[in-house]
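Over in Swiss-Prot, the protein carries these features:
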- G10, I11, D12, G13, S14, G15, K16, T17: ATP binding site (BINDING)
Amino acid sequence: MKGKFIVFEGIDGSGKTTQINQLSKWLISSDLIPENNKLVITREPGGTKLGKSIRSLLLDTSIEKSPDSITELLLYAADRSQHINEIIRPTLDQGDWVISDRFCGSTLAYQGYGRKLDINLIKDLEAIATQGIAPDITFLLDIPIEESIRRRRNRKDDRIEKEGREFLSNVSLGFQALSEDSNWKKISAIDSKEKIISEIKSEIKKLIKNK
């Protein structure tokens, strides 16, 4: 049986890392994952050795000249293609589960809505990179822009996080639009951590029940 593919999306500061950690602990201790299978936690960009090098090119603020928007898009696609072939597809084919911090939704939100690149161009490129692999469920952890800024106040931002308020607003609007898809579940990330993980667990149980 093919494994489950779970993705977390959201603007920076939405609490994806916290909720991924909470969910992984719960799944490992539950009986939802078949006994002989495992759970793999990964991220984009940077889920593979090659991807880590691409991540550095994309996000490092010390690089003198940042990649232009199209170069940036192609680098994300290259990272995703390698990620699919090296990690995600082999893991799912073994019946194991995958949780990824970001996937295609981030590219559509950041490069499409944020950078204003052509959405259809991005979708065509994503089709090549993903080769038919799609999440079983995507959680959008939704927070207001002001809350994102407040939460990131004391941490060092990467190159994308340093973009201005207007860019972040456009990205947030992109995520809102994407979350209308039936495989997406939007969850308020300003609620308590306990309430958030409770909602996530409930959706995972529904996913298993309806498989």
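Just so it is clear, glycine is given a Cβ too, placed from its N, Cα and C backbone atoms.
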Binding-site residues compared (S14, T17) - highest count of Cβ atoms within 10 Å: S14
Cβ neighbour count (within 10 Å, all chains shown) around G10 (ATP binding site): 27
Cβ within 8 Å of the mean position of the Cβ atoms of G10, I11, D12, G13, S14, G15, K16, T17: remaining residues of the chain near ATP: L141, I143, S148, R151, A189
